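Student: Shown below is the structure under consideration.
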Amino acid sequence: MLEIEKLDFSYQKKKILKKINFKAKKGEFISLLGANGSGKTTFLHCIQGLLPLKEGKILIDGENIIQLSKKEIAQKISVVPQENKNVFAYEVLEMVVMGVNPWLAFTEHPSPEDYQKAEKILEDLGVVDLKGKNFNQISGGERQLVLIARALMQQTDILLLDEPNSHLDFKNVHLMMEIMRDLSFKNKTVITALHDPNLAYKYSDRVIILKEGEILASGVVEEVMTAANLSAAYDLKIQKVKPNFSLEFRPAHKFKKKA
Amino acid sequence: MKKKSSSQIKLTLLFIALIFLIIISLLLGNYPISIKELRIIFIQFLSGSRADLNTNPAWSVLYYIRLPRILTVVLVGAALSLSGSAYQNIFRNPLVSPDILGVSAGAGLGVALGLLYTEGSILYVYFSAFLLGIVAVFLTYFLSKVSGRNNSMFMVLAGIVVASLANALISLLKYTADPLEKLPGIVFYLMGGFSRVSWREFYLILPIIILGGFVLIFLRWQLNIFSLGEKQAASLGVDTEKIKIIVIIFSTMMVSAATAAAGQVSWIGLVVPHIARFIVGTKHKFLLPASALIGAFLLLLMDNLARTISGAEIPISIITALIGAPFFAYLLISGRESGWS
């Protein structure tokens, strides 16, 4: 469903992405790993069609992204940005309902049914009590959930997330990862850039490790996430420690949805 | 749904307040007119007895002097505030306004050029005001983009550069202008004021401001999404470049028309959108009409002060700055913790 062929991207004569080949199937949860500046965010921006491609092709359901309008791309791909306060704040429900925009005509505005649908999505995520609150005045974790709700409102098959955990605390990080994994179980393709290899290892199906704009390794978690690959990716000697001899803190059970 | 109706009530109240102020403004001035006289004139006007009206000096004052002035002030206040709201949203910056982006100075330069080189023909003045207003805003936009730092603060700085350049050129024009014939006209025009306004000015700016306001209100939903930033708006399917260009062109058209009619009126376009957001929130469906109504109300209030506070009329920009600057300082200090919501 998502195919990338020989993708090249340069910015001010500097090659940021080099000959990237990649395919994602429905229902896969794919993590992008790599050091800062390795090209993860640029890669995600290219898939969204935000950057002009020099060479290569990005195909979604067989259609070349260059031939699609912003609206058509937004009907196929939704993006969850890093949570951040807005300059001008909206109510949570209003933020979520904005996700319906790709399906509206230029002159159309969201209908009462769209608002009901947005409320239902918030309910499913367990945060319907936030609907009337100011987006800027809720916590970082709650904001990230609202952005996920907006992406779900977009009803796309592909979700892109750019380091969604960067401002979140321990609990919310694991909550986010669980939500992403659940979405992949519901046949959505989830592609996320992550800082923490341990999270990628624990939750995702496949991993792409980027280094200086090239794919260093790509494949199923167990095969690709080796000490050698990670050491090369982060320029740091990394060892894989067997769980029996190490200590790790992790949530003891799955998150329960708020009533 | 509850909030929606409360915003509608607030808009209705703002509209009633504006109508009330317009009626009071008709009574104010050197030639005193009582509410009773106003009522009689109104009845005569409705019954179509023109002969009675023409013999009444109060009618001449009302119809030929006060009414066109008041309605023009209302249009200019609405135009500056609407475009201020739109600029703040498009550039995602609560500190931008027509004056800060250099549009007012650019349009002012256009006015000065028009007055100097076209024998003061009003159409040329309007046209050159619009042309240079557009050039100024695109120059500001281009400067901040070409720097690679497309952030809010740099846009403000670029606007200051463009405004300074335009103001320097205005000074140069003043310096070279004939000190007896042209210079006083340019100085007085740019200082801002409505004393020279007649029905002609009103009818010239009316279609431009109605068209601009209509376009912005038409785009209210896209503007909501745009305020999340260009990247997020694009990922939600908004054609960001198209919306940005349309909003900049129509907002600049309105500011240029306002500047051509009234000179450089500062602060209104910056402060009013904040007051409007405070009252009705950030949704453009309510924010834009509220900005227009509050802008019209405040500028009319200030114009009333300008023409009644002393024997000679005070340029409107002095009053808008005297009230607008401290008010904006208050907004900054009063701790808007939730951003500029």
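Even glycines carry a Cβ here, placed using N, Cα and C.
These numbers come from a predicted model, not from an experiment.
So TrEMBL has the following annotated:
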type: TRANSMEM; residues: B:12-33; note: transmembrane segment
type: TRANSMEM; residues: B:63-83; note: transmembrane segment
type: TRANSMEM; residues: B:95-117; note: transmembrane segment
type: TRANSMEM; residues: B:123-142; note: transmembrane segment
type: TRANSMEM; residues: B:154-173; note: transmembrane segment
type: TRANSMEM; residues: B:202-223; note: transmembrane segment
type: TRANSMEM; residues: B:243-266; note: transmembrane segment
type: TRANSMEM; residues: B:286-302; note: transmembrane segment
type: TRANSMEM; residues: B:314-333; note: transmembrane segment
Student: Pairs 6 or more apart in sequence, C-beta under 8 angstroms, 3 or more of them: is that satisfied by the transmembrane segment (B:202-223) and the transmembrane segment (B:12-33)?
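Tutor: Taking Cβ pairs at least 6 residues apart, the transmembrane segment (B:12-33) and the transmembrane segment (B:202-223) are not in contact, as fewer than 3 fall under 8 Å.
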Student: In the same chain, who gets a Cβ under 8 Å from the transmembrane segment (B:314-333) while lying at least 6 residues past its ends?
Tutor: 188, 191-194, 262-268, 270-271, 274, 299, 302-303, 305-306
Student: Against the transmembrane segment (B:63-83), which of these stretches has the most C-beta pairs under 8 Å: B:95-117, B:123-142, B:154-173, B:243-266, B:286-302?
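Tutor: The stretch I would name here is B:286-302.
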Student: What parts of the chain pack near the transmembrane segment (B:243-266), using Cβ distances under 8 Å and only residues at least 6 beyond its ends?
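Tutor: Sequence-remote neighbours of the transmembrane segment (B:243-266) are 72-73, 75-76, 79-80, 82-83, 86-87, 89-90, 98-99, 103-105, 107-108, 110-111, 114, 122, 125-126, 129-130, 132-134, 137-138, 141, 188-194, 197, 201, 204-205, 208-209, 211-213, 215-216, 219, 222-223, 226, 230, 233, 299, 315-317, 320-321, 324.
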Student: What residues in the same chain, six or more past the boundaries of the transmembrane segment (B:95-117), come closer than 8 Å to it by Cβ-Cβ distance?
Tutor: 80, 83-84, 87-88, 124-137, 139-140, 152, 155-156, 158-167, 169-170, 173-174, 177, 182, 185-186, 189-190, 251-252, 255-256, 259-260, 263-267, 269-270
Student: Any residues 6+ beyond the ends of the transmembrane segment (B:12-33) with a Cβ under 8 Å from its own?
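Tutor: Beyond its ends, the transmembrane segment (B:12-33) has Cβ neighbours at 57-58, 61-62, 65-67, 70, 74, 279, 290, 293-294, 296-297, 300-301, 303-304, 307-308.
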